[in-house]
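Quick look at what Swiss-Prot lists:
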type: BINDING; residues: 28, 29, 30, 31, 81, 82, 83, 84, 94, 95, 96, 97, 121; note: substrate binding site
type: ACT_SITE; residues: 103; note: active site, proton acceptor
């Protein structure tokens with residue numbers, strides 16, 4: 001079974017957590033695109049969605065799903081998003097699509113975080129296969145990069161990428177993240193960092209994994 005089929009399988013399984021008349025938090029990325037597609041099949045049963053990126057907002061509108069601002073809601077029942085890596089404790093690295101800050105904002109509104117992935121995203125230690133994205137204020141890029149080197153990382157500027165918030169991304173290689181919660185806090189305290197792609201303080205509640213053998217739910 002190919003990767004896209006596994007992503008579609010996980011996306012389809014996430015529909016079981018969608019409650020009638022609710023507003024759904026929606027992340028961004030290729031697996032979320034699959035979820036938006038299947039969400040369109042039940043659009044008459046929900047009020048709408050809050051999107052974590054402009055790209056997801058456009059896809060939702062194309063499906064005929066009303067999009068609300070995060071400022072329009074006081075809370076969300078569920079937030080559905082993918083991950084670039086996820087460990088057994090349901091902590092993640094996210095931000096391959098540069099939407100990490102808005103993803104954290106929308107995730108923080110939700111009672112339940114549902115992560116949908118294919119099996120290639122499962123790792124024992126975060127940072128094993130994927131660089132850690134960090135959103136940085138442009139004027140602080142070099143300063144933050146020096147700090148990341150001092151912490152043992154190898155930052156690379158993601159060229160020609162500007163986030164929806166007008167900032168830049170540094171991708172940090174060679175971080176083996178043994179204590180994700182502490183690392184998330186430490187990096188967020190660096191002057192000039194908007195946020196980093198570790199989702200440990202707000203980890204997933206339910207993980208739906210598309211595998212060659214079928215869908216696996218970790219709750």
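Yeah, the Cβs are placed from backbone N, Cα and C, and that goes for glycine too.
Overlay of Swiss-Prot annotations on the structure.
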residue : record                 : Cβ contacts under 8 Å, 6 or more apart
28      : substrate binding site : 51, 52, 53, 55, 56, 81, 82, 97, 99, 102, 103
30      : substrate binding site : 7, 82
83      : substrate binding site : 92, 93, 94, 115, 117, 121, 199, 204
96      : substrate binding site : 29, 84, 130, 133
Quick one: what's DSSP say for residue 81 (substrate binding site), helix, strand or coil?
strand
Starting from the substrate site formed by 28, 29, 30, 31, 81, 82, 83, 84, 94, 95, 96, 97, 121, give every other residue of that chain whose CB sits within 8 Å of the mean position of their CB atoms, in sequence order.
27, 32
Structural state of residue 121 (substrate binding site), classified by DSSP into three states:
helix
Quick check on the binding-site residues 94, 121: which one has the highest count of other Cβ atoms within 10 Å of its Cβ?
94
Just how many other Cβ atoms lie inside 10 Å of the Cβ on residue 81 (substrate binding site)?
29
